[in-house]
Structures are given as structure tokens and as C-alpha cells.
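Below: one structure, written as C-alpha cells.
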Ligand code: FNR
């Protein structure tokens, strides 16, 4: 590992330096005033870990399974659209790093590399994240393609009936492929490293939705495209339809209320992801860590409870496990790694998480991450 990289925050700084502003802002930012994005980070940080010092912590156990699949640490790489704009063939690189390290990788519907590209790149199973489109035949086709590529889980995202307003993206004129107005030309031109490397990209637009992009003509602002394509009318019946269409593990992502978590159990979800989309959708939503305990309690052991939102260190993962998560997903942290150094940067992020987990376990007095006692996590005031 590059000795100058001591934390995810170093990867973030490298990503900021290498990427044009229009791409970095897309990765880094949240919706509107970014209240929820800030809450995700702040509320995780505010939790304290209580240690026990007279325990044998040699030979720590970090691995477990997520929806039955092995994970070397309790973390999967979450779906992030447009990852392929941060590094050439970025999704394939991220998937390769996940396979090399040994954690699940989830490909977004909104990826640049296609389902088939990623399947060819690794030859190993990965998860596919589905957004529901207005045209049912597009949804059917994506589900069939995921099945044909032997995806080992379908992650259905529920929190994007419409896209949250991301002010920076609107100001920067984010479009796919990047629109070359004067401002963007200056921005992109001043990042020649990124520009030259992107010449190695196989694709320039959404690899899973080429037909839809062609029909829409030259892609306008990302938000307008999403509005035109995504289905704001989907509901519980649509989720049941997806359940019937997909017979492998189904994971429902974007659960923020115990009532929805119970519905997820009723429709037969194998796992849920407690998530507010990294603060990119409903601004003013609570932090995902603050709602995790009540959701975990509502479903008990009837479905696997996964968590994302604000994970930047190994101790963040330990806090989420102590609050009732079985395992976590990482969005931005791994994406910063990808943007900084491609597959090597993603591996670096995963190794940092692993080392930080080991350190945290030893210092807190935890030997097995499958059994993190709720008592190790506490809100700081008054303990
Ligand atoms: C996302 N996220 C996301 N989620 C999803 O279901 N489908 C998607 O296409 C995307 N795209 C996306 C792009 C980018 C740039 C980011 C940062 C996030 C949300 C993601 O899966 C996850 O929920 C959050 O990123 C978790 O928060 P952290 O780890 O980024 O703090």
C-alpha cells in the first residue's frame, strides 16, 4: 500500500485532484442543502465505542456471509452510477478489485460498463442493482440480463421515484456524456490526466440502457433523463412483481422506516439495506445510522439487515454492527479509491477498512464481527 495513503480521506483528496469538478461534485455531493449527507457523517462520528480491556483479542474473525455469499470483511461495494466516468472502464475495475479482495460488488443500473462487460471482466458472480423504469419491458430485459450474467443477487432500489435535486450537478451542467460548454471545457482541460486516461474507456454512456439513450437522442442533463425514464408510479405491487420475476436473493435498498422493513419481510426480501442513498435523495431524511436500531428491531432475524451511509473507517462499520446491522455497503469511499488509482485504489480502500477493523476490534475487545454486542456502542452524552 502506498505509505502516503493512511485513510480514506487521502483517497478522497487524490480523487478531488484528479477529477474534473463536474465529476468530483457528482461523486461527493448530496441533495439540496446536503443536510442528510452531513447527518450521515456526523451521527456516525458522534457515537462512541466502549472498550473491555481484559479480553483475548488474538486471531480476530472478520469474515461472514452476505445473503449467503462470502465476504472477507462485513462490507460490500455498493452501487454507484457513472463510476465509469471516474476511471476508464471503472465498473469493471471496481468489480475486479472486489473479486481480488473477496467482497461482493454491486453494479448500478446507471453504470457506464454494462452487465455483460462486468461479467466478462471478472467471470465471477456480482450483484445487480435495479432502478424501475417506466417501460416494463426494459425492467424485464434488465432482470433477464442479470440472470443470464449469473448475478448472485438483485438489489432493488426503492428511494428514487424521482431524483433528488443535486444543486452542484445542475450548476455544473452534468450530462452523460459530459457536455462540452465553455465552463466544462476549461474544467476538463485542466485535468489532462483524467482526460487522457478516459480515452481508454470502451463506452461513453449508460452501458445497460443503450437503447433508451439512443431513443432519447443526445443525452441532456442527467436529471432530465432520469425524469423521462424512471417510473414514479412503482409501489408495493411492483416490488411483488420483481420478487416473482427474480428467484435469486432479493435485496431491497433504501429502507428508512420500520413499516417498510416489515413490508420487505412480507414480500420475501432476503435482505434490506437501511439507506438514505448517501444523502442524495430526500434532503432532511434522518441519518441512516439513527434509524438503524428501530428497523433492526422491527425485523429481528426474519431478513438480513444491511446498512450504508457515511462509512469512512473501520470503526464506522463496527458502530453499524453494534447498532444492529449484519454488514455494510460502501458508496463514496470505494469510489474515491477508484477515482484516485483505479482498481489499485479500490483495493487500497478495502485494505484500509480491513486494517482499521482489526485495530478497532482489538482496542474495543471484539473477537468476532458476527457477534458485536449492542453495549459497545453508545451515544456520547452521559454514556
Ligand atoms: C450512489 N448511490 C446509488 N444507489 C443506487 O441504488 N443506485 C445508484 O446508481 C447509485 N448511484 C450513486 C452514485 C454516487 C456517486 C453515489 C455517491 C451514491 C447510493 C449508494 O449506493 C449508497 O447508498 C451511498 O453512497 C452510501 O453512502 P456513502 O457510503 O457514500 O456515504
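Each residue, glycine too, has its Cβ placed from N, Cα and C.
Listed in TrEMBL:
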ACT_SITE  277  active site, proton acceptor
BINDING   26, 131, 166, 277, 280  glyoxylate binding site
BINDING   79-81, 108, 129, 157, 253, 275, 308-312, 331-332  FMN binding site
DOMAIN    1-382  domain 'FMN hydroxy acid dehydrogenase'
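Taken in sequence order, the binding-site residues 79, 81, 166, 312, 332 that lie near ligand 1, meaning a CB under 6 Å from one of its atoms, are 79, 81, 332. By a simple count of nearby Cβ atoms, those within 10 Å, the most crowded of the binding-site residues 79, 81, 310 is 310. Residue 280 (glyoxylate binding site) carries neither a helix nor a strand DSSP state and counts as coil.
Rounded to a whole number, the C-alpha distance linking residue 312 (FMN binding site) with residue 277 (active site, proton acceptor) is 15 angstrom. Residue 280 (glyoxylate binding site) sits 12 Å from residue 310 (FMN binding site), taking the Cα positions as reference. Across the structure, residue 310 (FMN binding site) and residue 277 (active site, proton acceptor) are spaced 10 Å apart at their Cα atoms. Within the same chain, residues at least six positions away from residue 253 (FMN binding site) with a Cβ under 8 Å of its Cβ are 79, 129, 155, 156, 157, 158, 159, 272, 273, 275.
Counting in whole angstrom, residue 332 (FMN binding site) lies 19 from residue 131 (glyoxylate binding site) by their C-alpha atoms. Look at residue 131 (glyoxylate binding site): DSSP puts it in coil.
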